[in-house]
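Q: Pasting the relevant annotations from TrEMBL:
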DOMAIN    1-90  domain 'CARD'
DOMAIN    135-267  domain 'Caspase family p20'
ACT_SITE  H213  active site
ACT_SITE  C263  active site
REGION    270-290  region 'Disordered'
DOMAIN    307-391  domain 'Caspase family p10'
Amino acid sequence: MDELHRQILTRNRVRLVTSLQVADLWDPLLEKGVFTGDMIEEIRSAGTRRDQARQLLIDLETRGSQAFALFIHCLKETGQHELAQHLLGKNELPEIEPAPFVPNPDYIPQYPNDIPSKKEKIWDIEQDYPMKFEPCGFCLIVNNMEFDEGTELSYRKGSDIDRQKLENRFRSFHFEVLVKNNLKGSEIYQELQDLAAKDHSKRDCCLVVILSHGCETRHRKFPGGVFGTDGIRIPVEKIVSYFDGTSCPSLRGKPKLFFIQACGGDQKDRGFEVDSGSPPSPNAEQSLQSDATAIRPEAGDMDETDAVASLPTFSDILVSYSTFPGFVSWRDKVMGTWYVETLDEILGSHAGTLDLQNLLLRVANKVSSKGTYKQIPGYFNFLRKRFFFRT
């Protein structure tokens, strides 16, 4: 929905909640495709007429660019002309354009320009996580660039570029962003605990970004780990555990997203030959650095095989890794990391029409085609529904 129409509804919320005859609106709202039958049933279950009116207005803002105009038409059709005219003021009724683009959950995009980026999606409460709060959630970005001398971990030049890109991007997606630079291991743990302890009841989701050196770690659920600036290892599964349904009740049933830009090990992948019309430049690798460390896992600290039968259910969680476990993640000292540069580009172009999993498929496809050494991002997905960013 356009910001102007959103503001009109907000300014007139009290009058609408007081006067809106919601029972008359169900059929026309359903016929015009503003809401599905299941969505209307959920709104009707909100309680009193006023409660239903409040929920209708909240959900209406998520229903695409035509929702306001269709709502005005429904008001007029049901004889609520005074309310319709009050909302319009001196403005003309917006024209109703063809139905907006609806993402196909079974469609896997192949080309960078095959989805119209300016069209809006329609929310489906059965398939999609609701995104109705403002801000939609908290976003913590930990950016570690400078490490203590004794750690033998190099300065991560270019990571400040990554941090700025993601901070700007997630602010534009209606997140409340908190940035922390150069944290020791204990400080990372404290920031995670503080974030998990916040009240998320008026938030739709939560997002954590870690930009640091990484390593292999012993794990049972999520592989890999990141380093604090003092060389302390933080296992990814420990990061995630602060936000599961037991540890963070106010995020139960809501998506928890983790983006890890760090090496999963120190193996370098040269890939295999494929036909290509644009061979890499011989100088392209000169500005590259790896986020791998020279430190090998300690004896007895190697990855274990996942014991699937004994794992608890971690629902509504997605962990996106910049590289395959065990392999390095490449960072350009001028442009930032391959992963974040590509992630930001894909989010900027397609977040309005593609759900998160399809966005990450595009990121993996583009990153995997870069450079002489190869890198392929991946993710562990335990989301129950599709997740769309609010753009």
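Any Cβ shown, glycine's included, is placed from N, Cα and C.
Unlike curated records, TrEMBL annotations are generated automatically.
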Q: Helix, strand, coil residue numbers for the domain 'CARD' (1-90) per DSSP?
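A: Going by DSSP assignments, the domain 'CARD' (1-90) contains 64 helix, 0 strand, 26 coil.
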Q: Measure from the Cβ of H213 (active site) and count the other Cβ atoms within 10 Å, all protein chains considered.
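A: Other Cβ atoms within 10 Å of H213 (active site): 27.
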Q: The domain 'Caspase family p20' (135-267): mean pLDDT?
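A: Summing pLDDT over the domain 'Caspase family p20' (135-267) and dividing by its length gives 91.
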